């Protein structure tokens, strides 16, 4: 089969030199507000209110509104009925790039059934409009006397403020934009920029201990009792109690995810399995999460007895007569604040802090992101017989999501918006996605449609040098059933500023996740299920915001389907492992050549080195560490200068077989016809998905070893290289027998002297970057 991949250059990162903050960026630190984006000039008109407007209708009333006109662009305020002193307080923004007139016309009109009546107007010459540069105070509005069409004074006054400014102006986000003049008023909310906060997620731990005095309907059989727990759309059940009587024991933990503010109650029901697929509810209790204890560590929470209410079956309008009921259940419930609730793929986490704020460490720096422009976007939908794209960006880091404004009908949109996040851990990833807005009509007109994904960019903070401005154009790559496709490029400016280098280097010695994950770990299956619930909750809450951040957007940003089986990913992970092992294989071949005297001079030198190390064994370790130190310093010249990005060759996206892509994009469960094949196919995919994860994790560990000296994470390599130098010196002056003795004693130390938390070297190793960031 002929493969026709696009040239690799199409998928590469390109360095750019935009005019950030009005000056060309060359990687220097800039200081002004909005310094990571290009300045865009806007003419702002704030229409505040009017007074003493004349009555124009036959009825003697006035229904006023204001029309702001600049060339072909026209914005209107809402109208008030029967009001001569209306107050609008609306802002209009006209892009300077598209100005076609030398003057601006602000007209007050009276809404009428036929033609709207002219009340009066105010004219401004653009050359006389003042400039405003934040942080200067906003321009104070003034009263202007209305004029008629001849320029004579008319009755009534209008309060206005007119000024030239940039997108840094605080009036910008909520203003009406001339760029979006074609969007109906009900769709305007869907195109504005917005900042969202993810809901605060908690793990809810329910320890079901026992129940007492249950009343079963059939006294002549041993009951099969279990507890079913429901929280929102999450449902879990205990195993059937081994004690087959009316006082069952379980002592089982169930875990749920809940989000503040707590909307759903926890509902527990004790049920009896009276037959196949037939369960009888013996009693229920409803527990509001607001009343549940919160804990930060693993200290035991007090147990409580809850009364079980009789499950009443309603027949018509008649209720069964309530009998005296004294069953109860013994529980230990708490909100576990010591864990980090995972809602993202573990490979691309942007936040690793525990839920409880009391356990948060101080921030170590600030991440600033400038979303500049996009180039070469493809048409995503058809409108009036031609292709069009209405693009917006979403960025997610920690709990803060941002959404830029939508640029209407443009394949080269310019956003030039800047956002800031606090950073608590450098070994985290920011995700930026580009989408096509399919909800410009607003309301129910666009119901059922989904915003299309254009592409995604991930940037790992630890691969960025501090205080340097990175300006690159990132290819937007999406995998379709037809293969990998470049949807365009997005231009970003990124700066990671560190408040204290010592604090940040100290973070490298800390465990990646909060202590509770190591002291009382959750199983892999449990974490997978909880992560699925967490992503569902986050997407549901954000889709209820105004304007909504839609479910399809949130799920794409959170990599919801990253665990699904794919032949392509398995191949890619296998070749990653082979890439890691290739170094060892090369050393083996080289050693074989030494043994076979392929190069006599090298072999003689190796013999001399071997004899020296045998005669002076104390030189072995210093020589190894010194060698590693020199290799690290040697590689410094070729350290990566660009942040890593999606790599189509690494992901095997440009050479994948069509049949394998068909399998990758097949639904789960499979949509292939025969039921038997479907069952086997799905079982294979679920098993292979786990194998794929293990293979990927092995590759990750090997790549972390490689990144010790590769300067992919400059701070980590600097720490390791410094350690190698110190270790070489210390081991040189310390007798080898002493080192061997101390090492042996330390390795064989008593369990009493061992700590449950991972060691500092292990924490450091787990924080090193791997090539998972570059996986598509």
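Placed from the backbone N, Cα and C atoms, the Cβ positions cover glycine too.
TrEMBL tags one of the stretches 535-568, 603-636, 637-670 as transmembrane segment, and that stretch is 603-636. Residues 505, 508, 617-622, 625-626, 628-629, 632-633, 708-709, 764 of the same chain lie 6 or more positions beyond the ends of the transmembrane segment (718-748) yet place their CB under 8 Å from a CB of it. Residues of the same chain lying 6 or more positions beyond the ends of the transmembrane segment (574-591) and with a Cβ under 8 Å from any Cβ of it are 650, 652, 695-696, 698-699, 702-703, 705-706, 771. Residues of the domain 'C2' (185-306) grouped by DSSP class, helix first, strand second and coil last, total 10 helix, 66 strand, 46 coil.
Restricting the average to the domain 'C2' (348-474) gives a pLDDT of 90.
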